[in-house]
Structures are given as structure tokens and as C-alpha cells.
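In what follows, a single structure is set out as C-alpha cells and then discussed.
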Amino acid sequence: MITPAFELSQDADFLIVVIRVPYTRTSDFDIYIQEEEFKFYAKPYFLRLTLPGRIVEDGREKASFDIDKGLFTLHVPKETAGQHFEGLEMLTSLLAPKGSRSAKPLVEDSEACGEGCEEEDEEFDWQIEQEVYTEAPADTLKEYHKYGFGNLRSGVFSRLQEELNEVIDMKDPDNTNAELRRRNRLDTETAVFCADHYLVNLYEDKEEIRNLLKFKPWWRKLNPDPSAGYDISMTFTEEEREQMRRFTNRSYLLDKKARFHVWLGLVDIILAYVYDVRTTEGEHNVESAWTIRKLSGTLSWLETYHSVQDVLVSFGRRTYCYPLYRHFSLVTLAVKDAACIFQAGKACILKCLLAIHKIFRENDPAYILNDLYITDYCIWIQRVKSKHVLALAEPLNNAKLQKNHLELELEIIEQAAELAVKEEEEKDTESDTDDSSSSSGDSDDEDDSDEECPEKAAEKKQTAFKAHAEAVTEAFCVELQRGDGRLIEELGKRLEEELTIEEDVPQERRSASEGEGERRREHYHPHAAESERDTTKAATGKELLDVCLQRKPLRILNTEELDSDDDDDDDDDGDLRITVVDERG
């Protein structure tokens with residue numbers, strides 16, 4: 001027989017059952033309704049449900065069949081109109097037979113069954129008084145070497161040594177008692193804690209942390225009413241419903257202490273899950289399986305807790321040691337998120353557990369944690385009382401977790417960091433002051449240099465001018481040493497006079513001096529030019545176009561370029577030959 005896919009919903013008067021039976025004959029089906037039991041048969045499908053409320057067959061039943069979709073819809077009257085049936089989303093629990101509500105118990109104990117059922121109805125005192133740990137005798141240590149859901153497993157890791165190191169953080173759990181696991185966990189957390197990573201998140205990643213804190217996960221949109229006293233109705237996807245149908249019904253015979261550990265382990269796992277959802281902003285990634293099992297001491301160290309405060313401290317410490325974002329605001333907000341989920345009821349918790357189950361199922365070898373914890377939690381949570389789930393929301397909402405509870409010296413580290421920041425700021429301030437003083441001194445020096453600059457420039461110019469004049473005069477003397485003495489004297493005087501005029505006249509008065517020099521040249525031209533022409537002609541025997549140095553360029557030719565006769569004449573007479581070229585023609 002095939003168990004068909006189905007969904008349950010309700011209104012004030014009817015229980016609505018939708019069954020998917022695509023391969024059946026619509027004219028051949030049977031329905032059985034009696035008190036809490038509902039049965040449906042249409043070959044080859046068979047469905048049996050044990051309901052949380054009583055139904056009745058009184059003629060108001062309605063049925064319809066959608067041939068295209070293969071959906072069979074039944075409206076079954078409630079015995080008490082207006083009654084709310086809890087847990088209609090818990091498909092695994094509904095499939096269990098009446099009475100045992102289990103296909104095959106995980107642990108059978110016929111004598112303790114009735115007692116166990118009564119204990120499940122007892123109220124939990126979450127402020128239970130803690131007992132001081134005492135070392136157990138050696139002959140009783142074996143009972144502590146268990147782990148898994150309700151400490152019902154042992155010997156699992158002895159068969160899975162290769163996968164051990166990749167799944168949990170401890171070695172040889174089968175031979176390690178609970179107290180030693182805890183000590184080793186605390187020592188490891190203290191050793192791997194990185195103050196630098198924490199300070200980077202605290203001071204440099206403020207924007208990223210702020211965005212994560214603003215993110216609103218799906219459970220924040222539920223707005224559960226604390227006074228309602230029942231679960232919020234949740235919608236499960238087809239994949240989630242299919243996974244619930246695959247679970248095998250089991251009976252968990254747990255004593256009061258074991259059930260207490262199971263509830264605290266559930267809080268620990270949910271905290272790790274909500275942290276991953278927030279830090280990935282609802283988009284689980286390839287690191288999600290690692291993050292969830294690392295943040296949960298239950299999953300990574302097979303830890304068993306003794307109070308809600310123990311769970312919160314462990315979660316806070318591991319949040320500061322392993323994930324990418326390590327910030328106290330993320331820890332406190334994760335606690336509020338977990339409280340919101342427990343306030344919404346067991347259907348909301350089941351949805352979270354199914355998400356974790358899927359993440360681990362798709363990650364090798366994290367699937368081992370499904371076998372040890374998550375699958376059992378998914379089955380167990382469907383059958384617990386809603387009041388126990390809602391009761392856990394209160395201690396989470398009222399939790400007072402502080403940094404000093406984590407025993408990682410966070411406050412000392414922050415104080416040291418603040419002092420370092422202040423010292424750095426003081427150094428920067430002193431450096432800025434020195435820079436401004438230096439800039440002020442440099443500015444004064446520049447002002448003084450700007451005032452002295454014109455005088456120095458004038459002195460340099462005069463010195464260069466004198467050197468140039470002396471060089472030109474010397475060059476003329478060397479070239480004209482064999483020339484007419486009178487011509488040399490006149491040329492030297494004229495050049496000296498012109499250079500003197502250029503030296504004495506300031507830069508801003510050059511235009512006036514140039515005009516005066518032009519007038520002098522005009523005055524000199526009628527007489528001196530004629531005298532120079534006659535003298536040169538007498539010495540060289542050649543007519544010169546113009547010898548006025550103020551108007552025409554003077555070119556002194558090398559005597560080696562002259563004729564040999566001229567050289568002889570020069571040797572005999574000592575006359576100078578000068579050629580003046582008129583560049584106008």
C-alpha cells in the first residue's frame with residue numbers, strides 16, 4: 001500500500017483533508033470516521049490519521065475530486081464546533097496509529113511507558129536548582145559515555161573514525177565522559193579565541209554589522225501573541241511535507257533529566273540556526289553546515305547543558321571564536337530571535353529543524369548529525385505539548401547575558417583598544433601641530449626670501465653683465481691687437497660707453513635709455529662713421545659699405561683667409577684688415 005501525499009486545514013466547523021491520489025478510480029474509495037481516527041482507502045493508496053481532536057460522521061460530510069490534478073478533498077465535521085485542532089502540520093505524528101502513535105519504538109520499556117507519558121505532561125521548572133558536580137566512581141563512568149538525542153546513542157563514532165574529525169571537535173567521544181567533554185570544550189574555545197579578529201569586527205566592520213542587525217528573517221514577520229496559548233499556523237512546502245512523510249515514527253522514553261537536556265539542546269541548535277540565517281541574510285551557503293555545527297556545542301562537542309544560562313554562555317563563547325562576524329550585538333539578537341521562534345510554537349521550530357536537516361543532508365559528512373540529533377528532534381517536536389514550547393520563550397526573553405559571563409576578557413581587550421586609539425589620536429594631533437608650526441616657519445622664510453629676491457637678482461644681473469662686457473672687450477683686444485690704434489681706442493670707448501649705459505639704467509627704465517642711445521648714435525654717425533670709413537679704406541684698400549657698429553654688424557675675418565700679398569703688407573705695415581658686410585643687400 002502507498003501512503004499518499006496529504007494536507008490538513010480547518011475552519012470553525014470542519015476539518016479539511018486534501019489527498020493526492022493521481023492513479024486511482026474515482027468511483028472506488030472508502031472513508032472511515034470515528035472520534036480521533038480518520039481512514040481513507042482508494043487502491044493502491046491507504047491513509048490513516050490520528051487527529052488531535054474528535055470528528056463525527058453526521059451527514060454534513062462533503063467530498064470532491066479534481067481529475068486533472070488528482071486531488072481528493074474531504075470536509076469532515078468537527079464534533080465540537082469552533083474547537084481548534086493543534087498540530088495539523090505535524091504530519092509524522094498524525095500518521096502514527098492510535099494508542100502507541102509509533103511504528104517502531106527506538107527504546108522499548110513496557111514498564112516505564114505509562115510513567116513516561118505522565119512525565120511528559122509535567123510542567124518544567126526552567127529555574128531549576130543546579131547541582132554541584134561530583135566526580136563519579138570509575139565503575140559508573142560508562143553511563144556518561146553516551147551522546148545523541150536524549151543520550152540514547154553510543155559506539156557510533158567507533159565505526160566512523162574517518163568522518164569523526166570533520167564532524168565534531170572532540171576525539172574518541174565513546175571513551176570521554178560529559179564532564180571531560182565540557183572541560184576540553186572550554187579550553188579549546190579559550191585557545192582559539194582571537195582578540196584581533198574581534199577588534200576588527202568591533203571597530204572596522206561597523207557598517208556590515210549594522211546591516212546584519214537590520215535584517216528581518218521570516219520568523220520576525222509572524223508576530224506571535226504570547227497570550228494566545230497555541231501555535232501559529234505554519235505553511236510547509238511540498239519538499240518539507242515529503243520529508244516529514246519519510247520520517248519513521250518513534251517513541252522516546254526519556255526520564256525527566258534527559259528531557260530537560262533535550263530541551264536545552266534544542267535551544268542550542270536553534271540559536272546556531274538563527275545566527276546563520278541572519279549572517280547570510282536568509283540565503284544559506286556552502287558554509288552554513290559548518291557554521292551551525294560549530295556554533296552549537298551540542299553538535300560539535302556532544303555537550304549536555306544544565307540551564308538556559310549555560311546554553312547562552314556556550315553559544316556566546318563559540319560565536320566569538322569561529323564565525324566570520326563576531327559581535328556581541330549579534331549574540332543578543334540571536335537570543336531574541338530564538339525567543340520569537342519558541343513563542344510561535346512547535347510548528348515554527350519544526351520548520352527550522354527541517355531546514356537544518358536539509359542543510360546537513362546535502363553536506364558530507366554532516367549527515368551523521370542528522371542521525372544523531374536532527375531527525376529525532378524533527379519527530380519528537382511534533383508530539384510535545386505546545387505549552388512546553390511556549391514556556392521556553394520566557395527565560396530566553398528575560399535572559400541577562402553580559403560580556404563578562406563569557407570569560408574571554410572582552411572588556412579588558414576593549415579598554416586596551418580604546419587606550420591605543422586615544423594614544424594614536426594624540427600622536428596625530430601633535431603631528432598636525434608640528435606640521436602647522438613648520439609650515440608657519442617656512443612661510444616666514446619664504447616671505448623674507450621674497451623681500452630679498454629683487455636686490456639679489458639685481459646684483460647677480462650686474463655681475464653677469466660686467467663679466468660679459470669684460471669678455472667682449474678682451475676678445476676685441478685680442479683680435480684687434482694688430483689694428484689701427486686709433487680705431488681700437490674709438491671702438492673700445494664706444495663699447496665701454498654703451499655697456500656703461502646698459503649697466504647703470506634699471507630694468508624698468510630701459511625704454512628711455514634705449515631712446516637716448518639711439519639719439520647718441522644719430523649724433524655720432526655723421527662724423528665718426530666717415531672717419532672710420534676713411535681709416536679702414538686706407539688700411540685695407542677696400543671700400544666699406546658701413547662701419548657704424550650701432551647700425552651694421554661688424555665681422556672680423558681671420559687674417560689667414562687673406563691673400564699672401566695682404567699678409568706681406570700686414571707684416572710690413574702692421575695694418576688691420578676688417579670687412580664689414582651689409583646684410584640688407
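Using the three backbone atoms N, Cα and C, a Cβ is placed for every residue, glycine included.
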Worksheet entry | Position flagged as phosphothreonine [Swiss-Prot], chosen from T73, T540, T579 | T540
Worksheet item: To which residue among T176, T280, T536 does Swiss-Prot attach the annotation phosphothreonine?
Response: T536
Practice prompt. Count up the helix, strand and coil residues in the domain 'CS' (1-89) according to DSSP, in that order.
Written response: 0 helix, 51 strand, 38 coil
